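Novice: Structure provided below as structure tokens; questions to follow.
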Amino acid sequence: MADQLTDDQIAEFKEAFSLFDKDGDGCITTKELGTVMRSLGQNPTEAELQDMINEVDADGNGTIDFPEFLNLMARKMKDTDSEEELKEAFRVFDKDQNGFISAAELRHVMTNLGEKLTDEEVEEMIREADVDGDGQINYDEFVKVMMAK
């Protein structure tokens with residue numbers, strides 16, 4: 001399934017994988033998965049985290065390595081309920097629930113994920129997505145960016 005991904009997608013997933021793989025050992029544990037999910041405002045139980053890992057843990061060793069992670073991401077991209085997932089993701093970024101993602105909100109979420117971005121980098125991310133030029137990202141703009149990945 002991962003063989004349908006472009007080089008760009010694989011590179012992007014490698015970056016995401018390293019955000020999860022806090023200790024850099026090449027595997028994502030339930031603890032690391034939990035840390036990242038909580039930084040995104042989710043609150044999964046230990047059992048839910050284990051289920052998520054078991055879902056993609058092909059070799060049954062209790063952790064997710066990069067090839068397993070790629071398969072998970074390829075599956076997620078094919079999921080038809082991605083509309084709901086996009087809304088959920090948008091809500092994570094849109095802290096004040098005003099229907100827009102501001103530079104401050106974007107910076108906040110990226111910082112929680114351990115990505116220290118300069119003001120310039122945050123502004124650049126907003127500019128790339130901001131079709132109507134109002135300085136923030138609305139839901140339609142967010143969907144365009146997420147679907148273009």
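Quick reminder: no glycine exception, Cβ is built from N, Cα and C everywhere.
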Novice: Which of E85, E105 shares the Ca(2+) 3 site with D94, D96, N98 per Swiss-Prot?
Specialist: E105
Novice: Counting distance between Cα atoms, which of the binding-site residues D21, C27, E32, E68, E141 is nearest N98 (Ca(2+) 3 binding site)?
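Specialist: If we rank D21, C27, E32, E68, E141 by Cα distance to N98 (Ca(2+) 3 binding site), first place goes to E141.
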Novice: How many Å separate the Cα atoms of N61 (Ca(2+) 2 binding site) and E141 (Ca(2+) 4 binding site)?
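Specialist: E141 (Ca(2+) 4 binding site) has its Cα 40 Å from the Cα of N61 (Ca(2+) 2 binding site).
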Novice: Can you tell me which parts of the same chain pack against the domain 'EF-hand 1' (8-43), counting only residues 6+ beyond its ends and a CB-CB cutoff under 8 A?
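Specialist: Distal contacts: 2, 49-50, 52-53, 61-66, 69-70, 73, 92, 109, 112-115, 149.
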Novice: Under 8 Å between C-beta atoms and at least six residues away from its ends: which parts of the chain pack against the domain 'EF-hand 2' (44-79)?
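Specialist: 1-2, 4-5, 9-10, 13-14, 16-17, 20, 26-30, 33-34, 37-38, 85.
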Novice: In the same chain, who gets a Cβ under 8 Å from the domain 'EF-hand 4' (117-149) while lying at least 6 residues past its ends?
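Specialist: Answer is 9, 12, 86-87, 89-90, 93, 99-103, 106-107, 110-111.
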